[in-house]
């Protein structure tokens with residue numbers, strides 16, 4: 001007879017678990033999550049029947065499934081709401097958009113600008129022809145795919161197709177054409193671009209290794225200890241030379257107050273500093289506002305003067321050249337230059353000027369830029385990645401190992417003797433900063449880059465402003481290369497420096513980079529989808545670009561989540577850079593066009609913002625509490641209220657977007673996985689940029 005366990009159940013009645021319940025955690029009504037679910041314990045089987053246990057488990061499982069379904073429905077609802085909101089925003093921005101072709105055609109400008117518009121339309125027409133051709137070829141390939149023809153069919157296998165009809169004959173001839181005539185030159189061009197790509201990747205890798213070596217060895221420019229200690233102690237024998245501060249500006253009423261307040265609060269003896277506000281504005285309201293700001297600081301005791309040119313030729317270079325011709329400039333030894341949106345900290349001069357002491361070979365000390373709006377939107381985040389690599393790696397490595405780098409045009413201190421020895425500011429290009437740096441290098445002057453001295457500024461927040469800035473930055477170097485190549489060859493600098501200047505500084509980093517980036521990823525890669533006999537390896541399309549993007553993002557580690565958008569956006573910008581490079585190389589009209597980068601007037605971080613606020617309060621107190629606003633301020637406020645924001649529709653980018661998406665469809669038929677995903681996401685990236693859905697809208 002089987003033993004009875006009733007006595008055991010009675011003795012352990014208080015300690016026996018009757019089964020583990022379902023524990024459900026509810027953070028909010030739309031977010032349910034199950035934490036724990038266990039089957040009844042072994043002891044429960046001793047006191048409860050199997051039938052009750054099965055019923056309870058079924059009920060528990062039903063509740064869990066219902067909760068999971070509720071959570072999934074909540075996620076789908078949230079996703080649908082987000083997509084609907086995104087679609088509404090896209091529709092609203094596109095409805096208010098205007099194409100760049102319409103805008104460029106509507107404006108009446110000089111003959112050079114009209115010629116540039118014609119060349120731009122020609123480039124756009126070529127892209128449209130390429131797009132329509134790809135759509136026709138895609139139709140052929142889809143028809144062939146459903147007929148079951150192999151995309152890699154050889155000549156011998158194609159002979160049986162000749163008698164099947166006109167379409168079969170046309171497709172057969174197309175395959176023979178691409179095998180015998182199109183694939184070989186396309187593969188040759190692809191191989192050439194791959195070689196350029198590898199050379200540029202090697203250059204970037206060497207720069208990164210140089211940066212790692214600098215960090216490992218803790219190498220950085222250090223001024224002589226006595227010059228720093230003299231400045232800190234206020235010794236009468238301290239190195240306190242006469243310093244001229246220049247702020248060139250043109251119709252930049254959003255930022256003039258911040259920059260003027262910043263330079264007027266530089267920590268330097270009042271008798272040894274003079275501030276020049278070089279206003280090239282053609283707007284009377286802006287001129288009045290800047291004059292009033294200068295007059296306010298003059299009342300507060302700052303040595304500041306306002307200059308406005310009658311003859312406004314030469315853009316920024318002409319403005320600086322005119323200011324250097326003033327008679328009192330001969331009394332000054334150094335000149336610090338800041339753009340209108342730059343806000344140096346009070347100790348800027350005390351950190352830069354000491355590097356000149358007892359070293360007559362140093363002609364320039366350049367500080368690093370930092371950005372007050374780097375997290376404003378996706379566009380500013382991607383720009384921050386680029387510029388962080390430029391300063392942390394390129395400028396620092398070239399400074400340490402070569403004593404030469406391109407002057408950034410602002411946040412730098414020049415020895416006036418070096419400027420005069422190099423020929424001063426010239427208006428022959430739109431990159432006057434690079435021009436003077438190259439000429440100073442040819443005359444033997446050395447440069448110092450300070451990675452630990454930062455000067456705050458703004459990044460362009462709209463794609464239109466960023467696009468114009470990049471066009472100027474990439475067309476100017478090609479102009480300069482054509483003009484200064486004979487001088488570089490005839491100069492007395494070493495062969496190694498000539499090689500670095502010609503092949504690395506100009507050709508590789510200014511010409512080859514935008515050329516191969518656009519040609520390889522926007523032209524050759526889509527063509528290889530329709531001419532599969534020419535191939536691009538997967539490591540060229542995916543692995544090496546991903547590695548290079550990883551290296552680029554190292555100086556800005558907080559931006560690591562944006563590595564994929566950064567890679568796609570850089571390829572998207574290759575259209576603008578390639579167009580600018582061609583304009584500068586062949587002296588097209590747009591290469592001579594200077595457009596002031598649009599500013600938003602964002603305040604800097606920390607004490608400077610409080611300082612500006614304090615200065616504004618002081619000004620209001622001086623005017624009187626009941627004093628009315630000036631006429632210029634009223635007009636500026638009225639003009640600001642009239643401004644409306646709109647979108648730009650960029651037709652070239654849209655054409656390339658549809659071209660890449662068409663090529664992605666073709667690669668899907670060939671089952672090329674990596675190529676398909678790259679073309680798909682790159683096409684979407686071009687589509688977003690073409691519809692101006694990245695960055696702020698333009699006023």
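Residue numbering: from 1, along the chain as shown.
Backbone N, Cα and C define each Cβ position, glycine as well.
These features come from Swiss-Prot:
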type	residues	note
TRANSMEM	126-146	transmembrane segment
TRANSMEM	194-214	transmembrane segment
ACT_SITE	280	active site
BINDING	339, 341	substrate binding site
ACT_SITE	433	active site
TRANSMEM	511-531	transmembrane segment
TRANSMEM	536-556	transmembrane segment
REGION	616-646	region 'Disordered'
CROSSLNK	617	ubiquitin cross-link
CROSSLNK	620	ubiquitin cross-link
COMPBIAS	637-646	compositional bias 'Basic residues'
TRANSMEM	649-668	transmembrane segment
TRANSMEM	674-694	transmembrane segment
Exercise. By Cβ distance under 8 Å, which residues at least 6 away from the ends of the transmembrane segment (126-146) in the same chain are close to it?
Worked result: 167, 170-171, 174, 523, 526, 530, 652, 655-656, 658-659, 662-663, 665-666, 669
Exercise. How many neighbouring Cβ atoms, not counting its own, are there within 10 Å of the Cβ of residue 341 (substrate binding site)?
Worked result: 24
Problem set entry | Intrachain neighbours beyond the transmembrane segment (511-531), with Cβ under 8 angstroms and 6 or more residues off its ends | 130, 134, 137-138, 141, 178, 182-183, 186, 189-190, 193-194, 196-197, 199-200, 474, 478, 481, 540-541, 570-571, 574-575, 577-578, 580-581, 585, 656, 659-660, 662-664, 666-667, 670, 672, 675, 678-679, 682
Seminar exercise, completed: The correct three-state DSSP answer for residue 339 (substrate binding site) is coil
For this session: May I ask which residues of the same chain, at least 6 positions away in sequence, place their Cβ under 8 angstroms from the Cβ of residue 339 (substrate binding site)?
Result: 247, 248, 249, 259, 409, 410, 457
Seminar exercise, completed: Students should find that the Cα atoms of residue 341 (substrate binding site) and residue 280 (active site) sit apart, in Å rounded to an integer, by 15
Problem set entry | Cβ neighbours within the same chain of residue 280 (active site) - under 8 Å, at least six residues apart | 248, 249, 250, 308, 309, 312, 315, 316, 319
Problem set entry | Distant-in-sequence Cβ neighbours of residue 433 (active site), under 8 Å, six or more positions away | 406, 407, 408, 409, 410
